[in-house]
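**Q** Sharing a structure here in structure tokens format.
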Ligand SMILES: Nc1ncnc2c1ncn2[C@@H]1O[C@H](COP(=O)(O)OP(=O)(O)OP(=O)(O)O)[C@@H](O)[C@H]1O
């Protein structure tokens, strides 16, 4: 039995007598979900369909605590969440409940009982299981994991190698190829179907793509690397194996899945493979918040869950919303009621409020930025901290004007969902060195590292990587390699580093210190803003200290990267109080007292990139629903009327007119307070819009398309 599955060293006493009812705050439906088949020998599958803000995360955390109190072994509890942050939060919340109950009994805190070693994302748990079972499925356990960028690069390289770049007609780019591949793997649909439905302009390349994907899989195998999709694919394969599937399933008494609406077919197959009868399986989700179909997630998973196992699942619906005021909820309900298919539920709340959500008409994006800043400062004066206010938008680029305005006014903010830490080239460089040391056969990492050395280009790097692939020990091949004379000094420094990194017994995180010292002079040479980037490298080194080994660090940072880098629009203006800027996708699961949604116009939401099919449009509607239901007390949908065209001379006046999003229909306007804002300097906001202006705006919007 692998070490990770060893029994807990300090088991929780079975069925502890409960002094105070820690579940008293739950409502009847939440309680039913928490108590479902507790203590039963064979707990039936359970689906909790929970509306936005109805406490599903809360319920799941209480269920975890309840199960542990009833004697469940935390080591045999698999908790699958959408992000690592969600896994940590869940563990902490369950810990708080347990703490409240157990503290009077065991005294002195009762902490430490709630480490949930199997709480994490599908991808990170998949990586762990694959390493544990590597030997059984013919996988070398030193495999490294490619992030999306590495995978694209490898796809590009293979595409070139098999001669698809030189074709007369333009073959799809590497990023598109990877998206198609990923979609096929995650949706489990045949290539032809995926091309027809999602990438119709690539249909003519079906045969070539098939050949490319075959070669891509071979390349990954040769180099002993796995991409994100492999983590799910291999896990699903193991789960469907008649011998391994039950063995893996038997490691866990309970399998709990959060945000089930954003899982894909492969993830559903993993659950059914491990637990064909659904015993101990509980999933929680909201079909109205399914927003990840571009990653292959399918809302069908949640709609079909009740009949997925050999026994029917029980269904519990949570409809009481604890987050938002009644008017916010009424507007959100009206919006989602127009959706084509969903589990019927209508949220209600007893949080009364006087104000309606606002629909704010604004002349253009620049005024939108000014108005939002002004409102945010007003609200702060009224006692709402900046961290309790968020500005949400459909695409990361939509906040550009606002970011400038915030910086001009010195309002601190943090942005989620922009450029990711791992996408920054300096972070990629450092990680590539570590990866090349961990797995010398991983060519993408090696290729990147070697070309950091002055005088070494793609041809020399390829020769060295070939030599490494053929040699029994990578270090010997590196030491014996002859580089051009002008690279000699830099090369020797690299060989010394590589020798250290390949020496057994090097104590992590010493590796990253060595890499940092080697890399910083290169950073100085390569970038003008080296200082800001060096701070990121420092942050990476600090993160590294929190991991047990090079191997786990590389796996975890690839799977769950930190968000912010100095590569963003500006340095993160951190303060003890700061405003939240976030894409709607990254706002999932969060809540704020006040929410502004930018660019609530057709073309932005629905995005003009996503209006291909009825399903795409439906997903855009759900996105707006997710954004609106993040608000507790104040909600503002901002509708700028005019967009300046980006590619034109400075001070150019070319622009287009936009219309309010189609999702807020005239019949829904009664749920909003409509206001118009003409100019930040003349305080004209909140006056009812004069009919003359209304007409003018409407006519102009229409004329723009004549
Ligand atoms: N029984 C309850 N009594 C009081 N407040 C509750 C109760 N259940 C949940 N809440 C509160 O309601 C809010 C929403 O809860 P939670 O984040 O768990 O909802 P959710 O269903 O996961 O939301 P979403 O899906 O919209 O992200 C939180 O502030 C939570 O503390």
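Each residue, glycine too, has its Cβ placed from N, Cα and C.
Heads up, here are the entries from TrEMBL:
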- 50, 51, 52, 53, 54, 55, 56, 57: ATP binding site (BINDING)
- 29-325: domain 'UvrD-like helicase ATP-binding' (DOMAIN)
- 326-589: domain 'UvrD-like helicase C-terminal' (DOMAIN)
**Q** Which one, from the binding-site residues 50, 52, has the smallest tally of other C-beta atoms lying within 10 Å of its C-beta?
**A** 52
**Q** Just name the winner among 54, 57 (the binding-site residues) by count of other CB atoms within 10 A of its CB.
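**A** It comes out as 54.
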**Q** For the binding-site residues 51, 53, 55, which one has its C-beta crowded by the most other C-beta atoms within 10 angstroms?
**A** 51
**Q** Using DSSP and collapsing to three states, where does residue 51 (ATP binding site) fall: helix, strand or coil?
**A** coil
**Q** Let me know how many other Cβ atoms fall within 10 Å of the Cβ of residue 56 (ATP binding site).
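**A** Here the count is 24.
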**Q** For ATP, what surrounds 50, 51, 52, 53, 54, 55, 56, 57 with a Cβ no more than 8 Å from their Cβ centroid?
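**A** The answer, listed by sequence position, is 58, 59, 286, 318, 321, 322, 323.
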**Q** Grab the pLDDT values for the domain 'UvrD-like helicase C-terminal' (326-589) and give me their mean, rounded.
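**A** Average per-residue pLDDT within the domain 'UvrD-like helicase C-terminal' (326-589): 83.
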